[in-house]
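Student: I'd like to ask you about the structure that follows.
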Amino acid sequence: MKKLTYRKIQSFQAIITVLVIFASFYLEYAVGLQPCPLCLMQRVCVFILLGLMGLSLGTVKKAHIVSLMQFLVACAGLYFSLRQLWLQSLPSDQAPACMPGLDVLIQYFPWQTVAKALFWGAGDCAEVTWTMFGISMPGWAAMYFLFMAIMGLFLFFRTRTIN
């Protein structure tokens, strides 16, 4: 794969990622949706992906390592979005109990409780508060992370032969 092609692919992915970040902040601040712990973890994964894409635009020598890291972070984001989709599919009597906001969790609860909420979700993660074309927000996030994981894997195998 040529350097120019690699940079074009990474630039395209970075543009998509910036749009995802803008959409998440728009939905939070303009629409008024409060992100649940799993949403916050997905957002962290998106920011890490953007950082890795920015890093990859600066150097091409370690492109296969950066691409592998992109794949792993995208898989982590895919886990969080699929976990949230699973929580949303549960009947209301089987969904976990709602917890206070993350700021209250961090201030008053032990770190184990905060980590459990961030990695496993809480009752507010099971609520479907927004849909587009019948697909909830974690469904769209899962599609984004799946695309990024596929592209990361593709770039990993293709960048070992950069000229």
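Glycine too: its Cβ is placed from the backbone N, Cα and C atoms.
Since the structure is predicted, the reported quantities are computational estimates derived from the model, not experimental observations.
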Student: Where Swiss-Prot splits the chain into topological domains, do Tyr6 and Thr59 land on the same side of the membrane?
Tutor: yes
Student: Rank 10-26, 45-58, 140-158 by Cβ pairs under 8 Å to the transmembrane segment (65-82) and hand me the top one.
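Tutor: Comparing 10-26, 45-58, 140-158 against the transmembrane segment (65-82), the winner is 140-158.
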Student: Where does Cys39 (disulfide bond) sit in the DSSP three-state scheme?
Tutor: helix
Student: Which numbers of helix, strand and coil residues does DSSP report for the topological domain 'Cytoplasmic' (59-64)?
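Tutor: Per DSSP, the residues of the topological domain 'Cytoplasmic' (59-64) fall into 2 helix, 0 strand, 4 coil.
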Student: On a simple 10 Å Cβ count over all chains shown, which one of the disulfide-bonded residues Cys36, Cys39 is most densely packed?
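Tutor: Result of the Cβ crowding comparison: Cys36.
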